[in-house]
Each structure stands twice: as C-alpha cells, then as structure tokens.
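Working notes, beginning with the structure itself.
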Amino acid sequence: MNYLILPVDQAESVSGTTTTTSTIKKRWQRWLLVFLNIFFLLTGQTAATLLGRFYYNQGGNSKWMATFVQTAAFPFLFIPLLLFPSNRQPPSPAAAATPPALHLKIVLIYLGLGIIIGIDNLMYSYGLLYVPVSTYSLICATQLAFNAVFSYYLNSQKFTDYILNSVVLLTLSAAILGFNEAAESSGGVPKGKYVIGFMLTLGASATYSLILSLMQLSFQKVIRKETFTVVLEMQIYTSLVATCVAVVGLFASGEWKGLKGEMEGFAKGKVSYVMTLVWTGLSWQLASVGVVGLIFVVSSLFSNVISTLALPVVPVFAVIFFHEKMGGIKVVALLLAIWGFASYLYQDYQDYGKAKKASEHVEHLSGHRGGGGDRDC
C-alpha cells in the first residue's frame, strides 16, 4: 500500500486547521442548542401559564385536569424523536458488561422522577387556583434559591459573582412584580385556601428545583449519553408516568364526574374549553423540552434561571392578550430580569471559553503525539 507522508510543518498545519474548524463548529452547535431550548422554554411556559389562568377564569375548576394537561401531550414528542434520530455513542465497558442493571436503573429513574413530577404538577395546580397570580410568581421565584442548594450538593455547582448577581436580580425582579400586583389585587380568596395555596406553591418550587438537579445528576452519573434522543426519552417516559399519576388522581378524587358540566359551563363555549386544554398541554411539553434540553446542554441552575426569567415576561403578554395595564413597576421588573439573565449568560460564556481553551490544548498535545508516531514510521 502507498502512504502519503506530509512534512512535519504541513502536517501540523492541517491538523491545527482541522481542529480549529471542528472546535468552531462544536461551539456554534452548542450555542444554537442553548438558544433553541431557551426559546422552547420561554414560549411554552408563557403560553401555558396564560392558558392556565384562562382556564380558571372562564370556569374551569378541576385541579387534576389542570395537572393532567401539563404532561398529557407527551406523545407528540415521538415526532421529533423519529425525525431526528441521533447517533448513539457506544456504551462504556461497565454498561456493556451489565446492561440489565443499567436498564433497571434507567427505568427506576423514569418511574421515580415521573411520580415526583406528577405530584409537583398537582401542587402547582392548587397554587395557581388559590393564590393570586402575582403572589404565585413571587413564590415561584424562590425555586432559584432552592436550586442553588440542590445544585451545590448534588451537581457540584460552583457559584461566582455573576451567578450570584443573576440569582439576586431575577429573584428581585419577581419580588417587585409580586408586591406590586399584590398591592393592586383585591383578594377574595378565603384565608384557609390562601394558606394552602401558598404552602403548596412553595413546596412545588422546592420540588421543581430538586427535579432539575436529579435530572442533571442522572445525565451525568447514570445515562451518560450526549445525544438529543436521551433528552426526549427522559421527557417522554417521565411524562408518561406523571400522566398516569394524574389519571389515577382524576378518577380517585371523583373530579371526572364534573368534567362534562365544567365543559358545558365554560364561559367561552365547549370548543374553546377543549382547545384550551389541548394547547395548554402542547405548550407545557414545549416548555419541558426546553427545560430538559438546558439541563443537558448547560446545567439545572441555568435552566431554572431561564424558567424564572419567564415570570416577569408573562405580564407583557398579558397586556397584549388580556389588555392588562403595564405600569412602570412591571417595566423595571422586566429590565431587572433581562439584566440577571445577561449576567448568568455572560458567566456561562466565560466558563465555556475556558473549557474550550483547555480542550484545544489537549487536542494540540494529542496531535503532536500522533504526529510524532507517524514520523517514526
């Protein structure tokens, strides 16, 4: 066989050019995935929150139905799963040696997370029904504080000045918005139900943060696959379990008996009732893909920061669709949220730059060792 042996300087030049091109391509692919998942999360969560409020305002009252629609649209995720099959990486020697044990771990992860998600969705449904939307947003902002604790202990998340600044700004943004809305609201919710809604929303925020950290831990320690397929599979199977939890709750509580009357009494009509539930379900699935995608590509804390960013964004769309007033306080809250988001995004950019330089250095050393071996031949 004939071998083409390049001069040393030319071989290093070609190797360096290939490495640089590959690094740039990977960088742009990563940022594209980040922004795409951000779009999914913000669009889906905003639409789902507005539709959830619309459901209650127009006469909807079933907490288990509101819980059901948060995950029931998961079959639509099979479409991108079939359209965009990923190249699966070969399993590690440990996984190849004990595939049944690995599969059992993954099944247990899906089952456990699915049950927790179902309970968490129910707590959010109660909170949105009993607590004013302003207070609801304020309480939900505490998920960043909970996630900071869980990420520190479960995911070894380091905190820098930029991350701390981002967390403080986003929490302050939601707090300002919440206090402003609370001052303008007239109440009307019985004290007992308000306390229940407050505590359940607080518990849901803590549980949601725990779910994000557990998902990231599962990706890192158990699943260990760098493909978008595994993200979709995580969302599909956990949503399946969570949906089963909601169905059991819907029938066990007896709320299913009142669904026909609820649909007939819906202020906007039967068709609007059905379409509200359908689009709420689709919106939640879009948001869930964004959440899981950001956990996979970046971290659970970043996913939570973006999720919190949507809280002050909701009033902007409420002005457009529900013709609510947009006062100066809301504008300040929105600007603080954008500032906090930019702060964390800049920190992530710095971290990625450092990781990129370290990777390039390793690849450069590997290229030298590989080139030396070829020259010896």
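Including glycine, each Cβ sits where the backbone N, Cα and C put it.
What TrEMBL says about this protein:
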- 31-52: transmembrane segment (TRANSMEM)
- 64-84: transmembrane segment (TRANSMEM)
- 104-124: transmembrane segment (TRANSMEM)
- 136-155: transmembrane segment (TRANSMEM)
- 162-182: transmembrane segment (TRANSMEM)
- 194-215: transmembrane segment (TRANSMEM)
- 236-253: transmembrane segment (TRANSMEM)
- 273-298: transmembrane segment (TRANSMEM)
- 305-322: transmembrane segment (TRANSMEM)
- 328-346: transmembrane segment (TRANSMEM)
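Among the listed stretches 31-52, 104-124, 136-155, 273-298, 328-346, the one sharing the most Cβ pairs under 8 Å with the transmembrane segment (64-84) is 273-298. The stretches the transmembrane segment (194-215) and the transmembrane segment (328-346) do not meet in space: the count of Cβ pairs below 8 angstroms, excluding pairs fewer than 6 apart in sequence, stays at fewer than three.
Across 31-52, 104-124, 136-155, 236-253, the stretch most heavily in contact with the transmembrane segment (273-298), judged by Cβ pairs under 8 Å, is 31-52. Counting same-chain residues at least six beyond the ends of the transmembrane segment (104-124), those with a Cβ under 8 angstroms from any Cβ of the stretch are 63-64, 67, 70-71, 200-201, 203-204, 207-208, 210-211, 214-215, 218, 222-223, 234, 237-246, 249.
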